[in-house]
Every structure is written in C-alpha cells, then in structure tokens.
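*Asks:* If you scroll down you'll find the structure; I have some questions about it.
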Amino acid sequence: MVIFNNMWTLLAFTVSTTVLLLTHSCTAAKSELIVTTIKQDPYTMAKGSQLEGYCMDLLSELAKKLGFKYKVHLVKDGAYGRMDDSGSWNGMIGEVVRGEADIAVAPLTLTAAREKAVGMTKPYMQTGISILLRRDIVSQDSGFFDFLSPFSGETWFGILIAYILTAVCICIIARLSPSEWSQPENEHNNFTLLHSLWYTAGALSLQGAGPHPKSPSGRVVSCTWWLFAVVLLACYFSSLSSNQSSDSSHLMIKGFEDLANQDFIEYGTLTGSSTLAFFKNSNNPSYRRIYEHMERRKSLVSSMDEGVQRAREGNFAFIGESVSLDLAVARYCELVRAHEVIGMRGYSIVTPLGSPLLKNLSVAILQLSEAGELAYLRSKWWASSCMAHSAKASSLKAHGMKGIFLVLAVGLGIGVLLALLELTSKSRSSAQEQKKSCCSVLTQELSQRLRTSNTKRDQETSDKSKA
C-alpha cells in the first residue's frame, strides 16, 4: 500500500512538472508579442528602418511595466478595422481576431461593435468628432475690440510711443525756440506738456487744436506729424474696410448644425471609419443630413492625410477625430478646428477576447496616466510648429510701416536741431551786445527755458515780498 501511494505521488509530481514545463515553454514562445499598427502621424511614423511616434513610445512604456518583448509590423491592408456584410473583420481588428497579431496599438476608437469582436483596454486618449477647415474661409466671432484688428499689438505700441515722443518734442521746441518763447522771464509759454499732448492728439484725428507753432522748427515737427497721421489713418481705414468686406463673404461655421445648413463648403470624412458609422447610426436629423450628403456627393476620403490636404486646398471641411485634427492645426497654420466636439470616445489597445493581457494593459495605462506620462507624450508629439494667431493675418505689423516711423523720427530730430540752432543764434547776438561769452549766455538761456517753475511768477512773488 505504501509502495502504491509512493507511485501515485511520483506520477503526480511527474505530470505537474511536465505541465509547468509546457506552460513555461508556451510562455517563452509568447514572450515576444506580435504587434500590429498603422502609419498615421504622429502615432506611428517611419524613421529609416524603424518606427517612431506616440504609439511606439506608449508601447515601449507598457513593455517596461509588464516585462514583455514585442515585434511590430504594419497592417497588411492599411485599414483600422471594419466588419463587412459577411461578418468578417478587416484591418488591425481582423488580424487580432484571426490570431495574426497579439495586440493592436494604434488610434483605434472604442466602439460597441469592436468590443464584441475583440478585447479593448481602458482608453489611453480621449477624443471626439470635430470639423477641420481653412482659416480664411471661416469668419471668426466678432469681438468688442475688432476695431483694433487692422494693426497688430506691436504697431499700436509703436504709435503710442510716437505720439508721446512727438508731444514731448513739441513741448521742448516751444521752450527752446526764441520764435515761440522770446522772453522767458516775462512771457508765459503756451505750449505746456498737456497742451502739446492735446495738440498732437488733435492733429492725429485731423481736427486740429490751436495755437499752432510759429517757429520753423515747430512747423517742421508739426508737418512731419501731420504726414504721419495721414498715412497712418489711410492704412487703418484701408485695412479695416478690407477685413469687413472679406468677413462678409465668409461663413460662420461653429459646429455641425451650421455645416449641415450650408451648401457652399463640401465636407467629408474617412471611409469605413467609426466617425462615418457615428453619423450613419445617429438619430439626430442634422447628423443624418450630413451622412446622406457625404454618401450622395461621394465626398469620403481614403486616408487622414488626404482629408487634411483637401482642407488645406480650400472649400472643403474634413470631419474627423478631434485629436488628429488638433495635430493638423498645430502643423498647418492656415487650418482651424471648429469649437464643437461631439461623440466623445477614447482610443484603446486591442487584444483577443479573453486574453490575460487585457487586464494588465488597462492597469498599466491607468498607472501611466496617473504618473503624467500620457500627458507628456501628448505634449511631445502634438507640439505646435506655428505661432498662435492672436491677431488676424491681415493685421499690419510694425516693420510693415517702418518707413513712416523713420520719416517721423527724422522730422523730430531736425525740429529739435533747428530749435537749438535758433537759440544758439540768439545767444550769440545777445553775447555780442552784453559782451559776454556765447557759452555763458547759452547756458543761462537753457537754464531759464528748461526750468520747470514759472520764472515770471517767481519774480512777482519776490517783488510783493519786497513791497
């Protein structure tokens, strides 16, 4: 009996050892996962003989966490995954269903139909459906400060600086020029800083504000400022009129309702995509009209790149995943995405039904999200290559008006120089009459004219105190 028990124990040990070895060999054979993917910027892109992109970085991070090796190949038919009339799947979904790949890592949208055929992890990225158009065929919402749009911010700042400098120069010339202020000790100077600012503003509005300068130097500065004002106003009203006339021919497309109610812009989406299925299965009348329009006009595109290219060419609105459209906007400055986003869904990794990898991949994705790794990858691959459009493209920049700014600067310099020459000439004449040096008389004149307090008032005060 003891011998019989020992034989059963030995047999059980042998069987369990064999099962463990077979399991280990199967695990070792499957230690290198076959991964299928599809080329689409910036998820998977070719770099020489290697592949790079958001999905490749995500796959690398998941492999580090779960400790598996992998081999990546591109899907043979270049499709994401769609079930035909016979119930068979094509694309990456079909490869996973048929066992040709262990997992699919790509921008695959989580849908009910796909969930029935394969296992799908927790979404690694949230997205929705939106519209991509050219920026110049869509009018933007009018704002309270659209009257500032003809000039850029730097141009308005330059105008402000020019205005202040001109007023200061007029005030200084009015003090230096003997023609404006012949006797500083007895006369009051009309061109104070406040009056100079008022005079300059009046000239800028073409209304005028007297009194006007009498000296040659003051008139040089005034004429230069008038020329500057005329050119500035001409550019302003020309650009403002151009913006308004162009906006009147643009369409106001904020969302899908506006898109469905117009016939000026053609629109379409990706053939066989979940976006097309969304409009096909929707009960919303506007969404149904959009689907019927795309089917009737045969405006579907075969790839994401084709849709973006048609949108760049103009008169075409591409309907697609908002995340992919954001990438197109970041790379092509002439494109803009509509604000409305519908049909929120997520991108998931695909595994066979019942695969033990599904749970582990979902947990690893959540851990990467909580650690901020997914946000980092998003910012890495969605970096914008064009400047943000804080102003309209037609806004005049400061360097586009540098000629008139240069003319103003030269006029101000000539005006101040003439005022100094006038004062020097008077000081030389006074020096000969008083038999003093020209420098001492000039210094005395400058001291009197540039003194901030009123000399006449000081003299009257001293006379009253003596009386």
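Glycine is no exception: its Cβ is also placed from the backbone N, Cα and C atoms.
According to TrEMBL:
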- 1-28: signal peptide (SIGNAL)
- 32-384: domain 'Ionotropic glutamate receptor C-terminal' (DOMAIN)
- 42-98: domain 'Ionotropic glutamate receptor L-glutamate and glycine-binding' (DOMAIN)
- PRO107, THR109, ARG114, SER274, THR275, GLU321: L-glutamate binding site (BINDING)
- 156-176: transmembrane segment (TRANSMEM)
- 220-239: transmembrane segment (TRANSMEM)
- ILE253: site 'Crucial to convey clamshell closure to channel opening' (SITE)
- LYS280: site 'Interaction with the cone snail toxin Con-ikot-ikot' (SITE)
- CYS333-CYS386: disulfide bond (DISULFID)
- 403-421: transmembrane segment (TRANSMEM)
- 447-467: region 'Disordered' (REGION)
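Help me see these features in their spatial surroundings.
*Replies:* Looking at the domain 'Ionotropic glutamate receptor C-terminal' (32-384) alone, the prediction's average pLDDT is 86.
Around PRO107 (L-glutamate binding site), the same-chain residues at least 6 positions away in sequence with a Cβ under 8 Å from its Cβ are GLN40, TYR43, CYS55, TYR80, MET125, THR127, GLU321, VAL323, SER324, TYR347.
Within 10 Å of the C-beta of LYS280 (site 'Interaction with the cone snail toxin Con-ikot-ikot') there are 14 other C-beta atoms, taking all protein chains into account.
The Cβ of CYS333 (disulfide bond) has 15 neighbouring Cβ atoms from other residues within 10 Å, across all protein chains displayed.
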*Asks:* Can you give me the residues near the recorded L-glutamate site, meaning same chain, not PRO107, THR109, ARG114, SER274, THR275, GLU321 themselves, Cβ no more than 8 Å from the center of the site's Cβ atoms?
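*Replies:* Sorted by sequence, the hits are TYR80, LEU108, LEU110, THR111, THR127, SER273, ARG345, TYR347.
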*Asks:* Using a 10 Å radius around each Cβ and counting other Cβ atoms from all shown chains, which of the binding-site residues THR109, THR275 yields the largest count?
*Replies:* THR109
*Asks:* In angstrom units, rounded to an integer, how far apart are the Cα atoms of CYS333 (disulfide bond) and ILE253 (site 'Crucial to convey clamshell closure to channel opening')?
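*Replies:* About 18 Å separate the Cα atoms of these two residues.
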*Asks:* What is the interatomic distance between the Cα atoms of THR109 (L-glutamate binding site) and LYS280 (site 'Interaction with the cone snail toxin Con-ikot-ikot'), given in whole Å?
*Replies:* 16
*Asks:* For ILE253 (site 'Crucial to convey clamshell closure to channel opening'), identify the closest of the recorded positions ARG114, SER274, THR275, LYS280, judging by Cα separation.
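*Replies:* Going through ARG114, SER274, THR275, LYS280 one by one, the Cα closest to that of ILE253 (site 'Crucial to convey clamshell closure to channel opening') is THR275.
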*Asks:* What count of other C-beta atoms do you get within 10 angstroms of the C-beta of ILE253 (site 'Crucial to convey clamshell closure to channel opening'), across all chains shown?
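*Replies:* There are 23 such Cβ atoms around ILE253 (site 'Crucial to convey clamshell closure to channel opening').
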*Asks:* Give me the DSSP three-state residue breakdown of the domain 'Ionotropic glutamate receptor L-glutamate and glycine-binding' (42-98), ordered helix, strand, coil.
*Replies:* 20 helix, 15 strand, 22 coil
